Amino acid sequence: MFVLVNLKTYPCDPIDVAAAAADVADDSGVRVGVAPQATHIEAVAQTGVETWAQHVDPIDYGSNTGHTLAETVAEAGAEGTLINHSEHRLKLADIDASVQAAERAGLETCVCANNPAQIGAAAALGPDSVAVEPPELIGGDVSVASADPDIVTDAVDAAANVDESVDVFCGAGISTGDDVAAAEDLGATGVLLASGVAKADDPRAVLEDLVDPVA
Ligand SMILES: O=C(CO)COP(=O)(O)O
């Protein structure tokens, strides 16, 4: 399982979380990644943790003031990027171009979507992975794997119907190792989570618990 922690714009210390995530990944052998804000990518990557961007824009080098260029986040140390997160939705054509921009820069790609129908469309764009995250469960206490297990299994089927090589992650409300194990049982090969770690008093303890059942 891949455990990807999206720090969004939460007021946590990204280096503390990243250092803990790097240790937990080393100790457990579980793949753990951290997606900080763009301005923190370089410092987070220096902790040794697998570092992801939260977004890249569908652009190339040139006149694109205020945009995020895939090559820049890759040079800062990111290995992958989220695209079309629920809090940063893009038009279909821009998702496609963002996937291409990320691939051009050598970044792994994960396209987020609300539901299985969108997962099928996202998988057709050829990313490395897709992530189903029901918006109404994001930031809540109940894991998608227990609140809406069918959405995970339907997302796995929708992606497989389009392209069996695309991994399927799920996210929303995930905060414990039991949640990660439940997601794995439903066919997901990774989880995306945010508040469970970013708002925790002890992020290291949460990370240790998250990887425990799948280590
Ligand atoms: O949006 C998410 C991860 O990208 C999920 O957020 P929460 O883990 O806070 O529900």
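Yeah, the Cβs are placed from backbone N, Cα and C, and that goes for glycine too.
What TrEMBL says about a protein is an automatic prediction, not a curated fact.
Checking the candidates Ile59, Ile119, Ile138 against TrEMBL: the one annotated together with Asn6, Leu7, Lys8, Gly173, Ala194, Ser195 at the substrate site is Ile138. Annotation for Asn6 (substrate binding site): same-chain Cβ neighbours under 8 Å, separated by at least 6 residues, are Ala35, Gln54, Leu82, His85, Gly171, Leu192, Leu193, Ala194, Ala198. The two recorded residues Gly173 (substrate binding site) and Glu133 (active site, proton acceptor) have their Cα atoms spaced 9 Å from each other. Listed binding-site residues: Leu7, Lys8, Ile138, Ser195. Those with a CB atom under 6 Å from ligand 1: Ile138, Ser195.
Look at the binding-site residues Leu7, Ile138, Ala194 and count other Cβ atoms within 10 Å of each Cβ; Ile138 has the fewest. Around Ser195 (substrate binding site), the same-chain residues at least 6 positions away in sequence with a Cβ under 8 Å from its Cβ are Tyr10, Gly139, Ser175.
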